[in-house]
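Per Swiss-Prot, these features apply:
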type     : residues   : note
MOD_RES  : M1         : N-acetylmethionine
DOMAIN   : 52-162     : domain 'sHSP'
BINDING  : H100, E102 : Zn(2+) 1 binding site
BINDING  : H107       : Zn(2+) 2 binding site
REGION   : 144-173    : region 'Disordered'
COMPBIAS : 153-167    : compositional bias 'Basic and acidic residues'
BINDING  : H154       : Zn(2+) 3 binding site
CARBOHYD : S162       : O-linked glycosylation site
Amino acid sequence: MDITIQHPWFKRALGPLIPSRLFDQFFGEGLFEYDLLPLFSSTISPYYRQSLFRTVLESGISEVRSDRDKFTIFLDVKHFSPEDLSVKVIEDFVEIHGKHNERQDDHGYISREFHRRYRLPSNVDQAAITCSLSADGMLTFAAPKVQSNTDPSHNERPIPVSREEKPTSAPPS
């Protein structure tokens, strides 16, 4: 029986280059070719995955932008339909919730659920907030900012999610 021994300096030296699998958002999506490479699976550790081949937008990680005149959130929700998504503004926060029941995919049956909560800037016009879902599954939450320092209304208000026909391959820079 072979046991791989890893020195602490080896883990720390490569730690920033190889993200931890413990907090991986890609569970349930199957294996990739680089998951099966013995170099990364046995030499380093079974708890690490080489994720350099994925772009940020494919990973499900959100992008938040706060420009001078607009606050925008881009979130990859490609596994959810508009009926599976709920977007609400509660006081100074926007809450995005997605849930779909168990369904069959290429690897078996899967159900997914997520909750995201973002603090809105104090100068956002909450009455003019929009939210849309592109054909390729990119959710775009946009809130224009007002120049005056008026206090926004503090109540819960659902934001409808509209479907766009064109894909959003990347958020505009």
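Cβ coordinates are placed from backbone N, Cα and C, and glycine is handled just like the others.
Comparing Cβ neighbour counts within 10 Å across the binding-site residues H100, H107, the minimum falls on H107.
Residue counts for the domain 'sHSP' (52-162) under DSSP (helix as H, G, I; strand as E, B; rest coil) come to 9 helix, 60 strand, 42 coil. Looking only at the binding-site residues H100, E102, H107, the one with its C-alpha closest to the residue listed as 'O-linked glycosylation site' is H100. Mean pLDDT, taken over the domain 'sHSP' (52-162), works out to 84 on the 0 to 100 scale.
The residue listed as 'O-linked glycosylation site' is surrounded by 11 other CB atoms, counting those within 10 A of its CB over all protein chains shown.
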